[in-house]
Amino acid sequence: MVFLSGNASDSSNCTHPPAPVNISKAILLGVILGGLIIFGVLGNILVILSVACHRHLHSVTHYYIVNLAVADLLLTSTVLPFSAIFEILGYWAFGRVFCNIWAAVDVLCCTASIMGLCIISIDRYIGVSYPLRYPTIVTQKRGLMALLCVWALSLVISIGPLFGWRQPAPEDETICQITEEPGYVLFSALGSFYVPLTIILVMYCRVYVVAKRESRGLKSGLKTDKSDSEQVTLRIHRKNAPVGGTGVSSAKNKTHFSVRLLKFSREKKAAKTLGIVVGCFVLCWLPFFLVMPIG
C-alpha cells in the first residue's frame, strides 16, 4: 500500500505552495522508480502470457498464480506511477477525489494479492495432503469461486473510505495521506493482512507436518516394495509355487505407489518454492502492518 503524505505533515486547512522540485533528485528518482515499475509490469505480463500460451499450465493452481500476477499488474500499472510522481514532486498534484480513488485501488490490489497468497497456501495444503484426490477436490468451478471471493472481500475492505469511513480530509489538496480513522485502520489491517497471514502460517505448518509424515511413509513403502520384489524373484528362481497372481498384484501396487510418489514429490516441490515466495512477501509487508495500527 503506497500511502504518502506531501511536504505538509499536518492536516492544515490552508493550502501551501508546493516547494520547488530538485531536478537532479527528480531525475534519479524517476529513473529508479520508473525502472522498477517497468520491471513489475513486464514481469507480471510474462507470467500471465506463459500460462495463457501453454495448455499444460491451464490448471487451477496456475489460475491462482495468474490471479496473483493480475493483482500485482494492476498495482504496478495503475497505482505505482502516481506514487512515483508523488514521490518525485513531493506533493499530490491530482486533486482530492482522485486521491481517494487512488488510495482505494491501492488497498484493493494489495489486499487481493495477499489473499491470493492465502488461497495458494490452502491449495498447496490440499495438494500435499491429498495428492491423488486433489483433482476432484480442487475443481475449476471451486477455484473460480475462490478467486471471486478474494476480489469481493478485497473490494469490501478497500471501499470504506470512499463511503465516509475516514477522518475529515485536509483542505490542502496537495496532501494525500492514509486515513487514520481507528476503526477502519484496525478493520483493514486485520482483513488485508493479519487474518490471511494467520491462515497462511497455519496452512504451511500443516504442509510441513504432512510432508514430513508422508515422506517417512513413502520411504517405508519403498523399502517394503523392494523387499517384496526380491522375495518374488527368489521364489521364481527356486521354482516354487506359481506366483502369477502375486506378481500381477505386486505390479499394480508398485504402479499405484509410483504414481503416488511422483504426485507427492511434485506437490512437495511446488509447496516448498511457494513457501519461500510467501515468506519473503510476508517479511516485506510485516513492518508496514506492524506500524500501521500504531501510527
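Even glycines carry a Cβ here, placed using N, Cα and C.
What you see is a predicted model, and the numbers here were worked out from it, not measured in a lab.
Of the cysteines listed (Cys14, Cys149, Cys176), Swiss-Prot assigns Cys176 as the disulfide partner of Cys99.
According to the topological domain annotation in Swiss-Prot, Asn22 and Pro168 sit on the same side of the membrane. Listed disulfide-bonded residues: Cys99, Cys176. The one with the lowest count of other Cβ atoms within 10 Å of its Cβ is Cys99.
Between the transmembrane segment (182-205) and the listed ranges 28-51, 100-122, 144-167, the one holding the most Cβ pairs under 8 Å is 100-122.
In the shown protein chains, 12 other C-beta atoms lie within 10 A of the C-beta of Asn22 (N-linked glycosylation site).
Residues 63-64, 67, 100-101, 103-105, 107-109, 111-112, 115-116, 119, 179-181, 183-184, 187-188, 191-192 of the same chain sit 6 or more residues outside the transmembrane segment (144-167) yet have a Cβ under 8 Å from a Cβ within it.
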